[in-house]
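What follows is a short report on a single structure.
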Amino acid sequence: MASYTPMIQQYLNIKAEYQDAFLFFRLGDFYEMFFDDAKEASQELEITLTSRDGGTIPMCGVPYHSASAYIEQLISKGYKVAICEQVEDPKTAKGVVKREVVQLITPGTVMEGKGLSENENNFIASVTKFENGYGLALSDLSTGENMAAFIDRLDEVVSEIYSVGAKEIVVSKHLDEETVKTLKERCQATISYEDSDELIDEAERLVSRLSEQLRSTFLTLYAYLRRTQKRSLDHLQQVQVFELEQTMKIDLYSKRNLELTETIRSKSKKGSLLWLLDETKTAMGGRLLKQWIDRPLIRLSHIKERQEMVQILMDHFFEREDLRERLKQVYDLERLAGRVAFGNVNARDLIQLKESLKQVPAIKELVHSLPEEMAKSRANDIDLCDDLLNLLEDALYENPPMTLKEGNLIKDGYNAKLDEYRDASRNGKDWIARLEQQEREYTGIRSLKVGFNKVFGYYIEVTRANTHLLEEGRYERKQTLANAERYITPELKEKEALILEAESNISELEYELFAALREQVKVYIPRLQLLAKQMSELDALQCFATVSEKRRYIRPEFSEDEVDVIDGRHPVVEKVMDHQEYVPNDCHMGNGRQTLLITGPNMSGKSTYMRQMALISILAQIGCFVPASKATLPIFDQIFTRIGAADDLISGQSTFMVEMLEAKNAMVHATKNSLILFDEIGRGTSTYDGMALAQAIIEFVHDHVGAKTLFSTHYHELTVLESQLSELKNVHVRAEEHEGTVVFLHQIKEGAADKSYGIHVAQLAELPDAIIDRAQTILTELESGSHEVTPHVSAAPKTEKAEEKQQLSFFEVEEKPQTKPVLKQKDQAVIEELKSFNLMDMTPLEAMTKLYELQKKL
């Protein structure tokens, strides 16, 4: 076994407890890393790898003052960082200075810096598996928000974690590998382990309303936070239980397909529904807006409550604009409260808190001035927190420094002892300021200066040419420079001691007073969190009102079953088009129109129309107004989509398999109150397979599910289903031919499309003319009823000499004696398995799935 120095042995002992993290080991002004940590960190951070002890121990380090930037880099890549500090004074230490890990920073526990997005929560999740389902707990350490839900299926757990963007998931070491793998891959999150779910006194207030299962799930998360953060978690709020049945369910694929919070291609906010809507003025409001989009309401009374407040704010333009200006000056109260509880709040944070509280009376008055009772009631609930404002006004200067060590935080008059020390310091400095003039007059040296530096303290500086003018015995030489000498006098030394003592006392007392002030502010955390909730709701509601007025949205109405949208518009496409004319479209469903079969050429707008209907429904159910001239909608409990064709690279599934899985998800879980969007189902396989599957799915949804369904297809043969299925109607996207080119009118009309215009689309894509002409010839032959297409390239002539073997033409097949085909063993097994199926007992979906599985075996 290798022999190490006591310091390296100390490092190894601490590292053994944090094997899944980089250990930032404090040595003087640096955080050092050793061994494998050093090798990996030097690559990830692109810093120099060195060594110690004769090259036997790899080593790298980062400066203490700039460590946060390096920590953020590692956290953004999914790593954890354990901060190990010196916890005793090196001057008084016997042997190796004592060190301890004071915090474990993980992707889910970031409290500050660039790793914390202003308008997004930073949730950490915990998942527990039970016999009858899964417990899910969520906590945002930066805001104090806590949520929990019991969820039946793992795919819904994944969808929820994806929605909130949790970067870390805490699980038990006993959770099965398959579930852990699914969570890690599907959620793309760091997995951490915690086995304690013990109830401790400080957590009782958080979990008092939870069931046993949710209590266990949240306490596992709480134990992990307590173990890693090693400080107060007093700002954590009582856990709010959310039931998936109380909000519209939108699965993971549908959230991506509809681009609710980020676009599919660039993964950016721009181009998403969130981007369109975000007119919030506070970070808190921005985060709440995202939560509302992720969880549309299904209770009509809650939807109407939001609608009513949006209507009020729309009706009072000037008051709304004043409200927006006031909200703009409110800082992030939730995260400020979190920093207070966490103990890392600085004086500028408290000044931001003070400036925010200054806006609250005006905001309350603005809302109360609105004539509607709902607005007055909301205003009456707002707590001004004026006692906290007065405390901060009395205690803090307006522009305090960033760090506590710089001092000058606490106002004069706040503490008598501090005033006394400051008077002593000021009097001493005034005396020194007068000293320069007195010494000049006394010595007759006009260039004499009184100065100060941290090494020698106060001094009197005289140029070397004038030193002979100084009175002997009165001045003591302190420092010699190239062209001057520096001296002190007994009086100067005495005053210096008084000033430095006063400043030391000021620094110590200011720190004590600030720490005490921080503890006083902690008492207000619950009130601040409630105020933050009220401000964020006002912000999200004014955001809806602002967008709705700016973009000419109308207030939707709700019905039991009817969809009646006049002049509906895709909200995001309309904004992106800006001043270009957007073609609105109607949508009528219900009363014999549960399924709309949409035909029309590529690029004509079928997918946009389908997404438009889903987004209008979501906007309506989050309480916003919608882009239409009139809208009556049912309340949808779920939205399912199958739009786009992208392989699932994470799980290695093909386009077609993803298509089938998404179709299965809709058909298994949709109800008659759901909305289903199927775009080009069946295109991932051969024509006849695809057409058969598409028809089977349409029939199954029509006969057994009853959900409102928009089904676009290129299979024009399916339009005959209108005469066979009572609730299905054909609609098409109108296009016209003009001088040999196709013009897309983007208008939805009743009936089926008369042709597909596929070759015209290829022409628009500027395929070579030879290909376009040849395709047109083939199409003409096929449309004439011919089952054979004349080859464009003639076959190469055969030679009569058998011994002269020539390369076959591309279209020629070498003739071979016909023999009875012999099946391979695996092919025979597939046929036998196919024969064993009882097709009469299978649903269309089960039959499709089995067929796909057999196809993969061949």
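The count begins at 1 with the first shown residue.
A Cβ is built for glycine as well, from the same backbone N, Cα and C atoms used for every other residue.
The annotation ATP binding site is assigned in Swiss-Prot to Gly600, Pro601, Asn602, Met603, Ser604, Gly605, Lys606, Ser607.
Cβ proximity to the ATP site centre (mean Cβ of Gly600, Pro601, Asn602, Met603, Ser604, Gly605, Lys606, Ser607, cutoff 8 Å) flags the following additional same-chain residues: Ser712, Val733, Phe744.
In the structure shown, across all protein chains, Gly600 is the one of the binding-site residues Gly600, Gly605 with the greatest number of other Cβ atoms within 10 Å. In the three-state DSSP reading, Lys606 (ATP binding site) counts as helix. Counting neighbouring Cβ atoms within 10 Å of each of the binding-site residues (Asn602, Ser604), the lowest count belongs to Asn602.
For the binding-site residues Pro601, Met603, Lys606, Ser607, the largest tally of other C-beta atoms within 10 A is found at Lys606.
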